[in-house]
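Structure record follows, encoded as C-alpha cells.
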Amino acid sequence: MAELLTSAQMRAIEQAEIESGTVTGLQLMERAGRGAVAAAIGKWPEFAQGSHRALVLCGPGNNGGDGFVIARRLVDRGWNVDLFLYGVAAKLPPDARVNHDLWAKRGAVRAFDLAALCDCDRPDLFVDAVFGTGLTRPLPSDLATALEVGMMSNWTRGHGIKRLAADCPSGLNLDTGMVPASESDAVPRVTSADLTVAFHSLKAGHRLGLGPTLCGEVQVVDIGLTGPDASERAMIGTPPDADRARLVAPEFAHGSLPLRIWPGAMIAKLRGQGHKYDYGHAMVCAGGPGRGGAARMAARTALRSGAGLVTMLCPPEALQENASHLDAIMLRACATAETFRQILDDRVSALCLGPGLGVGSATRDLVSVALAHRPGDRGWRDPAVVLDADALTSFENDPDALFAQTHARTVLTPHEGEFARLFPDLAQSERANLSKIDVVRQAADQAGCIVLLKGEDTVIARPGGGASVHSASGERAVPWLATAGAGDVLAGLIAGLAAPETAPDLYCVTEAAVWLHCEAARQFGPGLIAEDLPEMLPKVFATLAR
Ligand SMILES: NC(=O)C1=CN([C@@H]2O[C@H](COP(=O)(O)OP(=O)(O)OC[C@H]3O[C@@H](n4cnc5c(N)ncnc54)[C@H](O)[C@@H]3O)[C@@H](O)[C@H]2O)[C@@H](O)CC1
Ligand SMILES: Nc1ncnc2c1ncn2[C@@H]1O[C@H](COP(=O)(O)OP(=O)(O)O)[C@@H](O)[C@H]1O
Ligand SMILES: [K+]
C-alpha cells in the first residue's frame, strides 16, 4: 500500500535528503525532468523516434525548474520546443534558475502570454510545469485559460495533443484534490492531463476529490529519495502510521504486490482450518416488516465473506417476511433491546447495525447494547461493531451520546449525509481547505473509533491519526456501485471479515473490505445491483487464493 504524502511531507523528505548531503536539489530536479520524459515516451512510444513538437509552460518555482529540464531533454532528442515562463527569471529559486539558464542556451524563454501561446505551431505534447506542491492560491484567469483542455482547440486536431503534467495538473491542490475557485470564476477552472508524473511518491491530491479525474494516468517517478523504510512484510495487516496516509491497494512502493499477499492475507477463510465457531458468529439487526432487505443483504454478505455463522435478529412481526427469504442465515425474533442483550452470547464476535433498522430511540437502545457487549471470560477480543445508516442517523441530535459508548473495535461507515449529521462541523460545506483525510482523522478522534467516509474516494481513519484512502478511479472506477444497498453490503462485509477470531486488526480488515467491495463491483461490471455484490465474492476470493 503506497503512501500518500502531503506537500509539506514531500518538502520535508527532500529537504532532509538534501541536508544529509547525499543528493543536491539540482540532481533531484534533473532526475524529475528525465523521469518525466521517460514516462511520456513509455506511454506514447511514437515519441521515441523522430522529431516532434512540444509546448512547455513553466511556472515561477521548482515545478517550472522541472519544465526547463524536460524542455532541454526533449531538444536533446531532436524535438522542437516552444517554452513560456509564467514568472520572472530573476525571481526563480536557485535550482530552477540554473535550469532556466541551461535552457536559455538552447532555446528562447518567452514571457507567458495567451495570444502568443495560441500563435505557436500545433504541439504534439503539451507540458504543464507551472505549479506542483507549491500552489498556494487559485490560478489567475489567463493562466487557467491557457491550461484548459478547451485551449487545445486553437489547433486543428487539438484533441490529439498529448498532455503531460509535472507532479500535477497546475491548479490542483495536492493536499486536498480540490481546485480552488478564483474570485473571477464562480466555478473552479479545471485543467487536466493524460499523464501525470508524480515525483518520489503519490500525494494525497492525486487520489482525493478531483485528483483522479484531472491527473489522468499517474506514474510515480523514482527520483532517488530514500524516504521511509517499509518492508513488504510490515505492511500486511500492520496498523497505519499516525502521520502518513496510505493508499488501499495491493501496491508497494513503486510495484504491485501479488493479490494473495494483500488483501488475501486479510481473509481468514482463505487460510487455516477450523470449526464454524472459529470463524466467528456475526449478528445483524433488522427493522420492521417490509424493511428487511438492507439487513438481509448485509447478513448474506457477512456469511459470504467469512463469518462461520450469521444470525439475523428482527422484530417478531417481521419474522415471517425474513424467514421466507433466508436459509443459511439463522433468524431470531428480538422485540426489545433487553431481549437483544439476552440473545448476545459470548461467541458473538461481530455485530452489524443500521441498514433498514429505522431511526429513533429503539435503534439507539440496540446500539447501546451492541457497544456494551463483551466476550465474557473466553479471552477473546471485544466484538467488532459496525454501525451504518440508521444506527448513525439515530444519534443526529446527540452524537456525543454515541461517541461516549464507542470502543476501539467500532467502525462507523457514514456516507456524506450521515457524516454531516454526526460531525456537523466537518460537513462538506464546512471543510474549507481541510483535506478529506484530515476531516476523517478529526472525526475518528471525536468518535473514539474507526470512521469510514464513503465515496469514490473512501477515507478510513482511526483515532491518533492513522488514515487510508481507497480510490475507485481509473481502472478501478465503478460508477455502477452508486446503487441502493451498496453501503449495506459494505457494512456486512466488514462484519463478516472481522468475525473470525483470527481476523487481523479491525482497521486492516476495514481497508480490505473497501477494496473487496470495489473489486466485486469491478468484476461484475455495469448493470450491478447490490444483491450481486455478495454473489461476486466467491469469484473475487478465487483470484486471491491462487
Ligand atoms: N525541491 C526539490 O528538490 C524538487 C522539487 N521538484 C518540483 O518542485 C515542485 C515544488 O516546487 P515549489 O515549492 O517551488 O513550488 P511550485 O513550483 O509548485 O510553485 C511555487 C511558486 O508558485 C507561486 N504560486 C503558487 N500558487 C500560485 C498562483 N495561484 N498564482 C501565481 N503564483 C502562485 C508561489 O508563490 C511560488 O513562487 C514540485 O511539485 C516538483 O515539481 C522536483 O524538481 C523534484 C525536486
Ligand atoms: N461513483 C462511485 N464509485 C465508486 N463507489 C461508489 C460510487 N458511488 C457510491 N459508491 C460506494 O457505494 C456505496 C454506497 O453506500 P451508501 O451511500 O451507504 O448507499 P446505500 O445506503 O444505498 O447502501 C459506498 O461504499 C460508496 O463508497
Ligand atoms: K504542474
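Every residue number used here counts from 1 along the chain in the order it is shown.
Every residue, even glycine, has its Cβ placed from backbone N, Cα and C.
TrEMBL: automatically predicted annotations, no manual curation.
Among the features that TrEMBL reports, (6S)-NADPHX binding site is placed at 62-66, 132-138, Asp167, Ala294, Gly356, His415, Asp488. Annotated K(+) binding site per TrEMBL: Asn63, Asp128, Ser170, in sequence order. TrEMBL lists Lys454, Gly455, Glu456, Asp457, Thr458, Gly487 with the feature AMP binding site. Among the features that TrEMBL reports, domain 'YjeF N-terminal' is placed at 10-231. According to TrEMBL, the feature domain 'YjeF C-terminal' maps to 259-544.
Of all Cβ atoms in the protein chains displayed, 25 besides its own lie within 10 Å of the Cβ of Thr458 (AMP binding site). Taking CA atoms as the reference points, Asp167 ((6S)-NADPHX binding site) and Thr458 (AMP binding site) are 23 Å apart. For Ser170 (K(+) binding site), the number of other Cβ atoms no farther than 10 Å from its own Cβ, over all displayed protein chains, is 25. Close to Gly455 (AMP binding site) in the fold, though at least 6 residues off in sequence, lie His415, Glu416, Lys436, each with a CB less than 8 Å from its CB. For Asn62 ((6S)-NADPHX binding site), the same-chain residues lying six or more positions away in sequence with a CB closer than 8 A to its CB are Gly25, Met29, Pro93, Asp95, Ala96, Gly132, Gly134. If you check the binding-site residues Asn63, Lys454, Asp457, Thr458, Gly487 against Thr133 ((6S)-NADPHX binding site), the ones with a Cα inside 10 Å of its Cα are Asn63. With a CB cut-off of under 6 A applied against ligand 1, the binding-site residues Asn62, Thr133, Asp167, Lys454, Thr458, Gly487 are reduced to Asn62, Thr133, Asp167. Per-site Cβ counts within 10 Å over the binding-site residues Asn63, Thr133 peak at Asn63. Separation of the C-alpha atoms of Glu456 (AMP binding site) and Asn63 (K(+) binding site): 29 Å, rounded to the nearest whole number. Gly487 (AMP binding site) carries a helical DSSP state (H, G or I). Along the domain 'YjeF C-terminal' (259-544), the predicted structure has mean pLDDT 95.
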